[in-house]
Amino acid sequence: MGLFNVTHPASFFLTGIPGLESSHSWLAGPLCLMYAVALGGNTVILQAVRVEPSLHEPMYYFLSMLSFSDVAMSMATLPTVLRTFCLNARNIAFDACLIQMFLIHSFSMMESGILLAMSFDRYVAICDPLHYATVLTNQVIAGMGLAVTVRSFIILFPLPFLIKRLPICRSNVLSHSYCLYPDMMKLACADITINSIYGLFVLVSTFIMDLLFIFLSYVVILHSVLAITSREERLKALNTCVSHILAVLAFYVPMIGVSTGHRFQKHVPRYIHVLMSNIYLFVPPVLNPLIYSAKTKEIL
């Protein structure tokens, strides 16, 4: 019990966009629009996959998982973001902040795992099409989805406790309108080496490894596509990967920017860091339904 008998603030003070405090009420409109597109677009995909028999295929099951994680991510950030920008209500209770932090990082890790599963789907579809239906059965797909969820919970379960063990007395002002693990731990007036090492372990063992396997899968896919003699067939095969590649870029590019910014914060202007964090959380849930709807006629 004594492990958590340290000083914690009753609440944290959330921040919008530094330098644009007077414009927060004007930014509320675009933010509400982004949330509406993210929630509406991903809900349409979930409903379309549920009711349209032609979408009862592995690729679309994975897409519905991606849409679910995007909806969950949007719901995790929506309460504090809208309170900060619309109502100028910036306080969040300490325990509520821990819960939001855990949810944001969990759904983010789930999305990374789903993108990896989708790359495996494209690998089997292009490199071993004759066994596609036998390899990616409903049981296998459900197992992959469960594995992605369990991985996120187990690996991120220690994060709230690693924060609770720290005395937070330097400040209670966070850098964003939501709670993130690196942001919270830097407010501690104690050694955060263990927190930093575990955070780096999470980043490398999940996000970086997922990205590496996605890259390797596309190396193999490209090799197989180049072996196809017909130019038309090559383009058709590559075209099935375009949506996934765009989704991967939309997720990983800002994520890498955020992770780099947190570790080299002294050399990065604060507004750049905040901007990258907002892009990382808000843009993929908005872009993913637009990307896949544009490429999938059955969803339209």
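Using the three backbone atoms N, Cα and C, a Cβ is placed for every residue, glycine included.
So that you can see what the record holds, here are the features copied from TrEMBL:
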DOMAIN    41-292  domain 'G-protein coupled receptors family 1 profile'
TRANSMEM  26-48  transmembrane segment
TRANSMEM  60-82  transmembrane segment
TRANSMEM  94-120  transmembrane segment
TRANSMEM  140-163  transmembrane segment
TRANSMEM  211-229  transmembrane segment
TRANSMEM  241-259  transmembrane segment
TRANSMEM  271-292  transmembrane segment
Six or more residues beyond either end and a Cβ under 8 Å away: which residues meet both conditions relative to the transmembrane segment (211-229)? 112, 115-116, 119-120, 122-123, 126-127, 237-238, 241, 245, 248, 252
Taking a Cβ cut-off under 8 Å, which residues six or more beyond the ends of the transmembrane segment (60-82) line up next to it in the same chain? 14, 28, 31-32, 35, 38-39, 42-43, 45-46, 49-50, 92, 100, 103-104, 107-108, 110-111, 114-115, 117-118, 121, 138, 141, 145, 148, 177-179, 247, 281-282, 284-285, 288-289, 292, 296
What else in the chain is close to the transmembrane segment (26-48), if you only count residues 6 or more beyond its ends and a Cβ gap under 8 Å? 16-17, 20, 55, 63-64, 67-68, 70-71, 74-75, 78, 81-82, 85-86, 282, 285-286, 288-290, 292-293, 298-299
Outside the transmembrane segment (140-163), at least 6 residues beyond either end, the same-chain residues with a Cβ under 8 Å of its Cβ set are 4, 58, 61-62, 65, 98-99, 101-102, 105-107, 109-110, 113-114, 117, 120, 181, 184-185, 194-195, 198, 202, 205-206
